[in-house]
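K.L.:
I am attaching a structure below and will ask some questions about it afterwards.
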Amino acid sequence: MEASTAAETPTPTVSQRDQWIVESQVFHIYQLFANIPPNAQSIIRPWLCYWIIHSIALLGESIDDDLEDNTVDFLNRCQDPNGGYAGGPGQMPHLATTYAAVNTLITLGGEKSLASINRNKLYGFMRRMKQPNGGFRMHDEGEIDVRACYTAISVASVLNILDDELIKNVGDFILSCQTYEGGLAGEPGSEAHGGYTFCGLAAMILIGEVNRLDLPRLLDWVVFRQGKECGFQGRTNKLVDGCYSFWQGGAVALLQRLHSIIDEQMAEASQFVTVSDAPEEKECLDGTSSHATSHIRHEGMNESCSSDVKNIGYNFISEWRQSEPLFHSIALQQYILLCSQEQDGGLRDKPGKRRDHYHSCYCLSGLSLCQYSWSKRPDSPPLPKVVMGPYSNLLEPIHPLFNVVLDRYREAHEFFSQL
């Protein structure tokens, strides 16, 4: 009897098994929402919305209508009457949770979601956070760092409210955070860090001043953060962590589109460092050729042009990508899928750590960047050979400057361009 029953049970196809894997991931992510108590993680609730909804979108799954409506309504209650989004209803508005809330609403898409953002009040909040030295405060009397610059500039760019007043001196502040290693720190004098490096680089691109950074040295620093375990570390001599698949991998993805500026800086540097002009300097710069550019700083744009910078985010992913990946994309996919992935859903820092919403979001974002890193256009389907595992592993493409799914970004860009 048992043998007969077993014989009648159909063997699942490869496609069915792959679909079950995707469904288990999506089910796990939905369960994360269902199991969050009302008072849990109250100061980062917009981040929980972003991490979870962005992960679902990356997996190519639609958002449940009730979940979408509840999320928009909740984020409306987090929106401060004077602009910006707080970590929860009635709390202080904060640039980080503003970024998370706006990215969530963009990912949900649709008029109700996008129109819920009070752009005028939000602009006023950003102006209040802007500092004379070019930096931004995260909140009233809060810290001033590169993360604040990125979250403000990113939100202003995607909402089509970026202007000269918000841009003024931002490039100077970020430039002062580039360290002797090449990466960027959170503030002047601190240690280079993967998260701040992505934030600073992305912000400089969005304000049209990326040529002021020492890009060859920055590239040197980032590519050497990919460790023998195949993942990325956040700082020199630290352990690899799955979340840096996006923070460092995203920085490399941005640099991949800046190859012409990198080539120009290296060519210009070679004119300064010669045997006759600087023999002592040349002796101590044997490590890599990009070290020769450490003293080069292009002036960039002294006065920003609002009509140009408002379209930088859109134009950045409209151009064809000329160079191949600048990191080992297959190796990073191996780390994400084999080391960071939990067998029953969710992703983590590394084996032995617990899965969580944050790492699930940024591991998946990094995986998407890897999969499309060989494509000339950001939404061109990659060849199967550059996608580790079955082709059903392929995620949705993201906009590398904003970390939102590409088609949702385009919808938001069209919506806000008409306002």
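The backbone N, Cα and C atoms fix where each Cβ goes, glycine too.
Pulled these from Swiss-Prot:
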- His193, Gly194, Gly195, Tyr196, Arg235, Thr236, Asn237, Lys238, Tyr244, Ser245, Phe246, Trp247: (2E,6E)-farnesyl diphosphate binding site (BINDING)
- Asp241, Cys243, His359: Zn(2+) binding site (BINDING)
- 68-109: repeat 'PFTB 1' (REPEAT)
- 119-160: repeat 'PFTB 2' (REPEAT)
- 167-208: repeat 'PFTB 3' (REPEAT)
- 215-256: repeat 'PFTB 4' (REPEAT)
- 329-371: repeat 'PFTB 5' (REPEAT)
- Trp47: site 'Important for selectivity against geranylgeranyl diphosphate' (SITE)
K.L.:
How big is the Cα-to-Cα gap, in Å, between His193 ((2E,6E)-farnesyl diphosphate binding site) and Cys243 (Zn(2+) binding site)?
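P.N.:
His193 ((2E,6E)-farnesyl diphosphate binding site) and Cys243 (Zn(2+) binding site) have their Cα atoms 13 Å apart.
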K.L.:
In Å, rounded, how far does the Cα of Cys243 (Zn(2+) binding site) sit from the Cα of Gly195 ((2E,6E)-farnesyl diphosphate binding site)?
P.N.:
9
K.L.:
Within its own chain, what residues at least 6 apart in sequence put their Cβ under 8 Å from the Cβ of Tyr244 ((2E,6E)-farnesyl diphosphate binding site), listed in sequence order?
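P.N.:
Counting only residues 6 or more apart in sequence, the Cβ neighbours of Tyr244 ((2E,6E)-farnesyl diphosphate binding site) under 8 Å are Gly194, Arg225, Gly231, Phe232, Gln233, Gly234, Tyr362, Gly366.
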K.L.:
Using CB atoms and a 10 A radius, I'd like the single residue among the binding-site residues His193, Arg235 with the highest neighbour count.
P.N.:
His193
K.L.:
What Cα-Cα separation, expressed in whole Å, is found between Trp47 (site 'Important for selectivity against geranylgeranyl diphosphate') and Asn237 ((2E,6E)-farnesyl diphosphate binding site)?
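P.N.:
Per the Cα atoms, Trp47 (site 'Important for selectivity against geranylgeranyl diphosphate') and Asn237 ((2E,6E)-farnesyl diphosphate binding site) stand 29 Å apart.
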K.L.:
For a three-state summary based on DSSP, what are the helix, strand and coil counts in the repeat 'PFTB 5' (329-371)?
P.N.:
27 helix, 2 strand, 14 coil
K.L.:
Run through the repeat 'PFTB 1' (68-109) and tell me, per DSSP, how many residues are helix, strand and coil.
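P.N.:
Grouping H, G, I as helix and E, B as strand yields 25 helix, 4 strand, 13 coil.
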K.L.:
What are the other residues, in sequence order, whose C-beta lies within 8 angstroms of the center of the C-beta atoms of Asp241, Cys243, His359 at the Zn(2+) site?
P.N.:
Gly242, Tyr244, Ser245, Ser340, Leu347, Arg348, Asp349, Tyr358, Tyr362, Cys363
K.L.:
Mean pLDDT for the repeat 'PFTB 4' (215-256), rounded to an integer?
P.N.:
98
